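Everything below concerns the one structure shown next.
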Amino acid sequence: MTSSDRITEDGVYPVSSSRRSSQASLVSAASSQTQTQIQTDSPVQQLFHSIKTCFQSRFQELEALTQNRLKRSRFYGWRMGVLFGSCMSIFVLCCNIAVVVIGSIAHSGYQNGIANVMYGEASSISRWSTFFHLLINAASTVLLASSNYTMQVLCSPTRDDIDTAHARGMWVDIGLLSFRNLKAIPRKRAALALVLAFSSVPLHLFYNAAVFQIATYNEHNITIIEHGSHAYDTLVVLSDDTQPGQTFRNLSNAQWKQIYGTKFVADHGDLFLSIDRMAFNTSNLPTAPNTDHFLPLYIEKSNQEIIHNLTIESADWIRYNHSTGISVDEGIPVSMSVKLAFAKIIEPHSRIQTSLYFMVTVIAFNLLKLAIMLRVLFTDRQDYIVTLGDALATFLKHPDPVTHGKCMYGKEEMMYYLGHASHYAKGEEKDIEEYFSARLAGTWLPQPKPYFAFITYDRQVFLALL
């Protein structure tokens, strides 16, 4: 065995000179191949390669600079989330104040704490009401999301809180909003978290009720007149939209059936139907009937059912007996042809109103939430462990002696290790002890579990009640 093939005392095999020379030749061949490839590239390809390399280096420098600035910034990590939530809360607060101001200057202002924001037809007011409530739901969602995130930050433990809990044989939750952590954090933070939680209740109760719709509906009568009569001529004049003082509106048969065939009629009053023809049962008529005996005809307090009975066959021919309740065997018309309809125009009284007292309540709790968010953002200097990434960073930097070497334990194994009874396992105490002893030793044992096995029994009952 030569000197180059001998084993050293440390167990290191020296590389022979022939092997070193072969490796050097490989490196030289690779570098020469790369240089040859670069030299054989066209000038356009070389320019493109240079630009690409320049952009990549600049992008990496910019990314590193951005990360350094973020780390030096006051609003890094969870503070950025609280800052965003505070900005959204300020925006919602301004919108709420704007609603109060609009209510005070619109129309006659507030009367007994109620203001009329806008008037219009019932259908239009209904659409506006839906739109306003969509905005309210969006604003409340933004406000509650900001509040919940700040609550999660306040309920998140610091490293000192975790070490204290582990020393007592307890544990805390990380990465979620957990009221269980309230027992492991200082009382001041717990009180702020509870204030944020309970201040959300009035928002749920009063926010949607602060803006509401008032829909007015009209009782109406139906008058059936003869086409070409004096009453008809008068209605023609009153329905002329080219003349001032129009009080009636011309309607086709399809239109008046659609308007008056609903449960509630909002923007129209009494209905006049012009009849030009009548249909009789001629088998019971010895002579030609006199139509003057049947018109005009009045139907008081019409409703959806009456309109349905009148137009059961069509809107062009209405049933006479359904409007009077007289049998058709007594020489009366069977049906009447509607030539034209006149509907009385009623000024719409449907409106959207806002409650001053409800809006003031919403603004007050909005201000309360915003004050707590700003307090956490600008005066709190603690390093909360909000996410699992924060937990990994702190435990890698400063290992916890209680959990050291147990990173592969699940929650049930850790609870068993800490001496807490587990609600996951069922059976004899001896079998449970053998099961967890094997799990702690690193042995995986299959065990079927129902879906609800991962939450405690009290939470199962709470979800069932919901």
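Every residue gets a Cβ built from N, Cα and C, even glycine.
On the 0 to 100 pLDDT scale, the model's mean across the domain 'DUF6536' (78-226) is 88. Summarising the annotation, TrEMBL assigns domain 'DUF6536' to 78-226.
According to TrEMBL, the transmembrane segment annotation covers 81-105 (among others).
Here TrEMBL flags 125-145 (among others) as transmembrane segment. Long-range neighbours of the transmembrane segment (125-145) within the same chain, counting only residues 6 or more positions beyond its ends whose Cβ lies under 8 Å from a Cβ of the stretch, are 85, 88-89, 91-92, 95-96, 118-119, 200, 203-204, 207-208, 210-213, 215, 348, 350-352, 366, 369.
According to TrEMBL, the feature transmembrane segment maps to 190-207 (among others).
Long-range contacts of the transmembrane segment (356-378) within its own chain (CB-CB distance under 8 A, at least 6 residues past either end) are made by residues 75, 79, 82-83, 85-86, 89-90, 92-93, 96-97, 99-100, 103, 110, 113-115, 143, 146-147, 150, 153-154, 192, 195-196, 199, 202-203, 206-207, 209-210. Marked as transmembrane segment by TrEMBL: 356-378 (among others).
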What counts of helix, strand and coil residues does DSSP assign across the domain 'DUF6536' (78-226)?
98 helix, 18 strand, 33 coil
